[in-house]
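K.L.:
Supplied in structure tokens, the structure appears directly below.
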Amino acid sequence: MFDIIYSLEMLGVIAFAISGMIAAKSKNMDPVGVFTIGFVTALGGGTLRDLMMDNHPLYWIKHQEQPILILGMAIVFSYWTHASRIKEARIVLPDAIGLGIFTILGAQLALDLGHSWFIASLLGVMTGTFGGALRDTLCNEVPFIFRKDQIYASISFAGCWLYFICQWALESETLALNIGLLFIVVVRLLAVRFDIRLQRDPHQDPQH
Amino acid sequence: MFDIIYSLEMLGVIAFAISGMIAAKSKNMDPVGVFTIGFVTALGGGTLRDLMMDNHPLYWIKHQEQPILILGMAIVFSYWTHASRIKEARIVLPDAIGLGIFTILGAQLALDLGHSWFIASLLGVMTGTFGGALRDTLCNEVPFIFRKDQIYASISFAGCWLYFICQWALESETLALNIGLLFIVVVRLLAVRFDIRLQRDPHQDPQH
Amino acid sequence: MFDIIYSLEMLGVIAFAISGMIAAKSKNMDPVGVFTIGFVTALGGGTLRDLMMDNHPLYWIKHQEQPILILGMAIVFSYWTHASRIKEARIVLPDAIGLGIFTILGAQLALDLGHSWFIASLLGVMTGTFGGALRDTLCNEVPFIFRKDQIYASISFAGCWLYFICQWALESETLALNIGLLFIVVVRLLAVRFDIRLQRDPHQDPQH
């Protein structure tokens with residue numbers, strides 16, 4: 001079980017770090033900025049989760065290969081890629097993968113520590129969304145909470161409950177993990193592709 | 001004693017959640033935004049307090065009826081009220097009640113855990129003001145720290161010391177709690193009503 | 001050993017508090033704003049460090065003379081100095097001293113708690129830079145991460161590694177501490193004086 005969890009965590013860290021570095025690079029940040037944004041995007045959600053649940057040492061302190069990997073990625077991104085080749089739209093896929101993995105792993109850890117389904121779903125959503133929220137706050141002028149162009153936290157929340165129900169009904173942790181994770185990634189990509197929203201903004205032009 | 005503390009805490013959570021949802025709704029946010037702002041306004045101060053004092057599990061993790069209540073309130077606010085009927089000025093009363101309750105409960109918990117009056121007053125002010133500061137930062141263009149239109153943290157600080165002195169002089173915890181709390185709520189409402197400030201801004205037009 | 005550490009910590013708190021209060025005063029903030037900015041600048045980095053390493057009680061809760069001193073300084077700064085006499089450029093020296101002291105003390109505490117050099121360098125940089133980052137975020141319109149006019153976090157990171165190597169090579173903790181600290185302060189001042197950057201901004205006029 002541990003190996004699957006750890007492999008997923010590593011994949012989530014890489015995906016979110018890439019999304020953060022694309023955002024930083026598209027804003028023409030210097031290498032320290034690229035590393036900082038990559039670091040907070042990849043490790044921010046898990047740090048918040050561990051602080052909220054008093055789960056020490058923090059996972060990036062326990063697994064120092066994760067920040068070392070992010071440092072290496074930041075050097076490559078800063079010096080070997082050209083800002084002109086980085087499109088901010090490329091952020092969508094790594095962001096969706098990171099959202100799915102961290103949401104489910106956050107919820108899974110909370111269940112392990114004995115929390116209820118409801119508390120675990122809140123902690124899952126925080127773990128999945130906080131890194132991206134920090135990235136958007138540091139890289140964009142518009143705070144993330146104002147941008148209602150696509151559903152985001154709602155997909156994360158629904159994915160948690162799908163994971164809980166599958167875990168309870170199928171009695172297979174691994175299968176339930178994968179179903180919850182795939183649900184979040186696929187629905188998130190569909191929501192971006194077809195521009196699905198929770199509520200239409202009456203002041204906004206629908207064609208816009 | 002516990003029942004009074006818990007009832008006050010619940011009232012503070014409801015008051016701050018209402019203030020956050022009014023702010024979110026007046027900015028025409030979607031249901032996830034309304035829940036998020038309600039959640040961070042109501043639970044942000046207590047979460048900061050518990051993290052600073054290493055008081056685990058966090059109170060909203062221990063009492064999951066509080067986030068469940070906020071979720072229910074967010075659904076009602078989002079679908080059963082019209083944005084046009086929400087005036088941001090309505091925020092003043094629930095905000096003052098939340099400020100009073102959380103300030104005094106934060107200070108009281110710090111005293112219980114053996115901290116000095118000075119440290120307890122700092123933790124009381126943080127508990128009382130952090131939720132509202134997050135709400136204002138997420139909902140307004142102007143950061144809360146720039147807005148010196150009314151005294152806010154100073155009332156919270158003075159209320160803590162009034163509570164300590166009453167507790168020491170009157171030897172009644174409940175009476176002292178209520179005096180400190182009422183002081184903060186009443187003085188805050190008077191400060192808004194009569195536009196009392198610590199320092200006049202020389203660059204600002206007094207009629208403005 | 002403890003006395004040197006504590007004296008340095010006190011000096012760092014005073015230096016960062018001054019830098020925060022200069023920033024707050026130059027923005028014409030009221031006394032509560034001056035205290036708040038002084039407090040978060042001086043104690044923000046150490047609070048983040050202690051939370052990340054689960055090192056409780058927080059150092060300003062253990063040493064309440066530090067927040068008391070900041071309160072006293074804020075009163076003096078607010079009422080006995082004129083905003084017109086405060087130039088924001090004066091921030092450079094206290095900021096460099098605070099950066100140097102907190103970086104090295106953060107890294108030193110992390111080593112004491114058994115962390116690796118790499119993790120200790122990350123925690124050192126966080127301790128040294130977070131207070132100033134909060135100050136800049138609360139006092140400036142431009143988020144600190146966008147300002148690439150001078151190298152800052154890179155000097156802090158290099159200073160940590162110089163301290164580790166000196167400690168390992170010289171086998172003298174005190175000497176290594178002082179070398180790391182002086183390196184950061186001097187290089188930071190030189191970087192500001194000669195406008196050294198990690199990467200030239202292609203969109204920016206070099207004369208600007």
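Placement of Cβ uses the backbone N, Cα and C atoms for every residue, glycine included.
When I checked TrEMBL for this same protein, it listed these features:
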TRANSMEM  B:6-24  transmembrane segment
DOMAIN    B:8-79  domain 'Glycine transporter'
TRANSMEM  B:31-48  transmembrane segment
TRANSMEM  B:68-84  transmembrane segment
TRANSMEM  B:91-111  transmembrane segment
DOMAIN    B:94-167  domain 'Glycine transporter'
TRANSMEM  B:117-138  transmembrane segment
TRANSMEM  B:150-170  transmembrane segment
TRANSMEM  B:176-194  transmembrane segment
K.L.:
What counts of helix, strand and coil residues does DSSP assign across the domain 'Glycine transporter' (B:8-79)?
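P.N.:
With helix first, then strand, then coil, the domain 'Glycine transporter' (B:8-79) has 60 helix, 0 strand, 12 coil.
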K.L.:
Considering only the recorded stretches B:91-111, B:150-170, B:176-194, state which has the highest number of Cβ pairs under 8 Å to the transmembrane segment (B:6-24).
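P.N.:
By the under-8 Å Cβ criterion, the transmembrane segment (B:6-24) pairs most with B:91-111.
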K.L.:
Provide the three-state DSSP residue tally for the domain 'Glycine transporter' (B:94-167): helix first, then strand, then coil.
P.N.:
60 helix, 0 strand, 14 coil
